[in-house]
Amino acid sequence: MLKDQTIAAIATSTAIGGIGIVRLSGSESIRIVQEMTKLTDLKPRHAYFSPFLGKEGEVIDEGVVIFYQGPNSFTGEDVIELQGHGGLVVLNRVLSRTLELGATMARRGEFSERAFINGKLDLVQAEAIHDLIVSQSEAQAKAAMNSLTGRFSSKVNELLESLVMMRVYIEAAIDFSEEDIDFISDGNVIKGLNALNDQVSSLLKSAGNGKVLTDGLKVVIAGKPNAGKSSLLNALSGEETAIVTDIEGTTRDVLRERIIIDGIPLYIIDTAGLRETTDQIEAEGIKRAKREMAGADLVLWMHDDSQEFMGIDADIAALNIPVINIHNKADISGNRIGKHEDYIAISAKEDLGIDAVKAAILNYAGFESQEGIFSARERHLQALKSVLEHFAVALRLIHEEVAIELVAEELRLAQISLGEITGEFSSDALLGEIFSNFCVGK
């Protein structure tokens, strides 16, 4: 990013609408806007009505101009919004004029990237902007807003502060090693590290819930042919997504449906029934089914309750993936509908016991309450796991009474891992990956 470049982009939808906004950020924003309007004196946070003029002085559009003076703006730079009429043609004409006057077309997420670089947002908050924009449930939107307002970041920063104090204590032990003062044997370091370990573990659990809410769960429905897998997919989705017949092997390919249960996105995947077959098409479906199961977060194993239960397929058991046993056609077998000790009895065709299946999925996801939950990503979880690994090594080194310098190094590495979450320590490659997923204009 060239800091001396002034960037511009359409900040709203290009669909036909009442209002469309072109946004500029950078030191040349005022000059560019003054040249394409009749405004000579722009006061911060005042709204001015003006025509937007083309190269020959013709009126391209007219609307409201608002100036946000840096550093008191979203990006921390001078930002101006040209709020005119919606629609692709008129917005492109206004944008083109800003580019003719010296602005550079903004990259995806470049406004948010500048906000991060200029200290207006940390990396978690920047990611939360994207999560808020793409949210598809109220729960997702609330979680993203919690991250945007700093709920996740504040917890990370509190841990960083405690970790820095721990490092100061350890460094003092190193500095005074020749003074015959033992800072380690008093137990404060071990006690402090254990407390930090518990706090990071708790945050990891919360972040895990946040990741599920952000990314969703991949749930695969598996079982023998004609067990009612497609009927369960239809019952969960509330739509006739899959063809349901009494003929075994009707489902030969993978069917996918995205649903939301209590605000949590689920990617439900219906697969071909597992059995030995000489049919090449069915065999390919079974192969794909096993591939989907290998990447699943959770498997719903379907069994025809009117038949003898032969256990879970050995291939699934070998994957070591959580499984919920579901006995379907309980209306035929006469079994009690609902949760039993180690399975759930349902009738997918009659829509009986489906709420118990949904509750079991939510229970697996670990959502006791969505209160205070924040959005999170896989990189956050990996960073927190790395912190715990460094803590474990540090505690082992202390118990083994090895050189205290090695303990100090583990805590330094833990601090770097923790700082990666908010962007205190971050590579250009990571920043590029994060902001490239944003919309242009954000």
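Heads up, the Cβ atoms here are built off N, Cα and C, so glycines get one too.
Annotation source TrEMBL lists (6S)-5-formyl-5,6,7,8-tetrahydrofolate binding site at ARG23, GLU81, LYS120, LYS442. If you look up TrEMBL, you'll see ASN226, THR245, ILE247, THR250 marked as K(+) binding site. Annotation source TrEMBL lists GTP binding site at 226-231, 245-251, 270-273, 328-331. TrEMBL lists SER230, THR251 with the feature Mg(2+) binding site. Per TrEMBL, the feature domain 'TrmE-type G' maps to 216-366.
With the fewest other Cβ atoms inside 10 Å of its Cβ, the least crowded of the binding-site residues ARG23, LYS120 in this structure is LYS120. Rounded to a whole number, the C-alpha distance linking LYS329 (GTP binding site) with GLU81 ((6S)-5-formyl-5,6,7,8-tetrahydrofolate binding site) is 60 angstrom. Summary: among the binding-site residues (LYS229, LYS329), the fewest other C-beta atoms within 10 A of the C-beta are counted at LYS329. The average per-residue pLDDT of the prediction over the domain 'TrmE-type G' (216-366) is 76, rounded to a whole number. Between the alpha carbons (Cα) of LYS120 ((6S)-5-formyl-5,6,7,8-tetrahydrofolate binding site) and SER230 (Mg(2+) binding site) lies a span of roughly 49 Å. Note: the CA-CA distance between GLU81 ((6S)-5-formyl-5,6,7,8-tetrahydrofolate binding site) and ASN226 (K(+) binding site) rounds to 59 Å. DSSP assigns ASN226 (K(+) binding site) to coil in the three-state reduction, outside any helix or strand. According to DSSP, LYS120 ((6S)-5-formyl-5,6,7,8-tetrahydrofolate binding site) sits in a coil region rather than a helix or strand.
Rounded to a whole number, the C-alpha distance linking SER230 (Mg(2+) binding site) with ARG23 ((6S)-5-formyl-5,6,7,8-tetrahydrofolate binding site) is 48 angstrom. DSSP assigns LYS329 (GTP binding site) to coil in the three-state reduction, placing it in neither a helix nor a strand.
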